[in-house]
């Protein structure tokens, strides 16, 4: 199979979908890998690193898309839609529930769209989303601490406090991978941390994991309202695989927060959980204020730490890429149920129910689509 690795064009997206070691593994299996010039530079991989691993370097974006399978990091932008073609395998983060134009373009061009974020193991874990959730979660606490500084627009609070001064209060909505990793860093910074989740069993697991050092509270509108009001930093870390993120924090709740408090919405790439994060920000211009509250709503947070993120992503995606390349997408999807759950579009049909509901489009179940 011929596999293309484009250079990411999203604002300050410095990750690349495969490291040279990943390329080498595919080439060793007999596949051809084409890498767009400078695709790895943001992650400190030189073109020569890829050629030594067995890849070919091309100058034109069109060349790297004229392949059997394209591996990316982030969803294609509109200027890349022109390269879609029937039967092209697109293996990347798609987040289609918040991307109607992209969804329609994939369907119209009969692209085989396989989303990293909806590949799901029998225990319901998301192996290709987990590494980036870990990165984004850890970053969220660091970013929140940064923007609480006065010169960054915050209220001038040190999360860890000092002797005689109260710690900063952090509320994390969602106790999954991102929320758990946010809590680890927030605790490390010395903050007073509360985690809200809808699953009592998960709350018990978090109590045990953190040895009682975090407050765990059932997530419901009343508890969310109270925690949001009392917090200096609120982190949104809720995920429903494939579906649009639920709107859990209303504008009225945000209005009750103190001036200079900070919101970090990790779920913004799926629409966000805050009513007031109504637009996506960028690494160039990461925050905006509403009702005196600093909002951080960057959809590609791990792109700011590309070396770590690229290697972690490569480690997770490579085994699945090898299956797709060696077996072809149809047999690979039929043989691997976890991978088949990543299938979002095929032959002009939408195969993710959460996306179909979010965009009010017709849905075809995966089993029928693969017959």
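Keep in mind that glycine also has a Cβ here, set from the backbone N, Cα and C atoms.
Source: prediction; values computed, not measured.
Counting every protein chain shown, the number of other Cβ atoms lying within 10 Å of the Cβ of residue 95 (active site, proton donor/acceptor) is 24. Sequence annotations record features per position, and here Swiss-Prot assigns active site, proton donor/acceptor to 95 (among others) based on sequence analysis.
Taken from Swiss-Prot, the feature active site, proton donor/acceptor covers 269 (among others), and the record attributes it to similarity to another entry. The Cβ of residue 269 (active site, proton donor/acceptor) has 93, 95, 98, 280, 299, 300 as same-chain neighbours under 8 Å, each 6 or more residues away in sequence. The secondary structure of residue 269 (active site, proton donor/acceptor), as reduced to three states from DSSP, is helical.
Note: residue 74 (substrate binding site) has non-local neighbours 8, 10, 13, 15, 92, 93, 300, 303, i.e. same-chain residues 6+ apart with C-beta under 8 A of its own C-beta. Taken from Swiss-Prot, the feature substrate binding site applies to 15, 74, supported by similarity to another entry.
What Swiss-Prot lists as NAD(+) binding site is 133, 177-178, 197, 219, 238-239, 266-269, 279, 298-301. Sequence-distant contacts of residue 239 (NAD(+) binding site), defined by Cβ-Cβ distance under 8 angstroms and a gap of at least six in the same chain, are 126, 129, 133, 174, 176, 178, 245, 267, 270.
Cβ neighbours within 10 Å of residue 15 (substrate binding site), excluding its own Cβ and spanning all shown chains: 29. In the three-state DSSP scheme, residue 133 (NAD(+) binding site) falls into the helix class. For residue 267 (NAD(+) binding site), the Cβ neighbour count at a 10 Å cut-off comes to 27, with all displayed protein chains included.
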